[in-house]
């Protein structure tokens, strides 16, 4: 293939080295002649979506166990453990240090498992048990150790769940489902605040335990109960026999993924080695580029972990501050599906990421500009509101209310999955590596919000604005690179008289 100048080198010709029809990663031949595909596919997606809905519930519990220290902070958590200075920020950060060690190895293990439902459920039970142990800590250092191990185990879930989605859904279906999963984040922020307010208000002093200890115990117990149900509800891979699928649905599920295969990474006739996908991902500069970019996106949304603290700066009581956390997240959850679905329909990724980030920046600017209670609460809402434009045809731009943080990150992650679709093992490694680098932003971003910068937190908001600007610029460079790859493919097809092949989504 002729090489056109690109922003970075990538083997665009791999798009023509597609897997032969009738083969899958498992070497199965799938007879589809007798299947009424539209009816069976609709039935398959309906069943699968119901199980993905439970996956969202698991993610809600994941976020709740990750962020409950923000609510505990409002009821003497710091004082009881004798914290000073930036120790609370370190306690927030240390959880994501555990993430850095686990995500890539975990996804490579998951790729070779037959029952990912058992693996993810086991991880869930483990981190929930450690969360319950948080209720018994007496010192800051004990809490620090437990938080590290919560992150170490929790890290397996999100990249594993995203990879699981990519094994079931086609790329024009994936954006909506990824957004659906990631909206568990905003749902968790909303309802964990409500649950926390109820626990902190009603259980303080019961059996001689303070309210924040009950918070860790009750939420950990809820997670264990959810994990037990997840063993039987979470889907496995299409190649794993499933009692909830009819034979024609199982066959079609495998065939759909075969149709999504773009190219093979392994050499012809050479079995894929356990580390080949990881090696390919490590050698691809685009994995590192997207990892850094999503790191900045995560950093720009770091205010989410301090949402109760930011609400408390408006002068309300603990219970009222926690209740004020819920409405922005509820609105964000309800509206973010629209932008994700629109992204799938139009095939556009960049503008559906840039739009939410740009309007989120408007919320930061409002927060910087005033200490007025009403305006600051509006800014918290505005940080979760976004707009994007419909650039199709000659229609005028339309504005929508969107959840800024979930949709920007979810569409970004979907874009990564669309780009690295050459092989299942490389996709698993790429998702894990990108998410690991994104999680590294959560290690440093808690230090963007020191108490000494409050109550205005002007410097904190300025850092979030800077992170948003740089991430948008990096996404633009990535888009331009993929656009040049598409033009190179089109030029070769015209010269060789080939039919139109794979194109990267922009």
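Backbone N, Cα and C define each Cβ position, glycine as well.
Nobody curates TrEMBL annotations by hand; they come from automatic prediction.
Values in this document were obtained by computation on a predicted structure and should not be read as measured data.
Within the set 12-31, 32-51, 52-71, the record from TrEMBL flags 52-71 under the feature transmembrane segment. Averaged across the domain 'Major facilitator superfamily (MFS) profile' (51-483), pLDDT for the predicted model comes to 78. The recorded stretches the transmembrane segment (117-138) and the transmembrane segment (52-71) share 3+ CB pairs below 8 A when only pairs 6 or more apart in sequence are counted, and are therefore in contact. Between the transmembrane segment (144-166) and the stretches 52-71, 178-202, 214-234, 460-478, it is 52-71 that has the most C-beta pairs under 8 angstroms. Below 8 A, the CB atoms of the transmembrane segment (52-71) and the transmembrane segment (214-234) form 3+ pairs separated by six or more positions in the chain.
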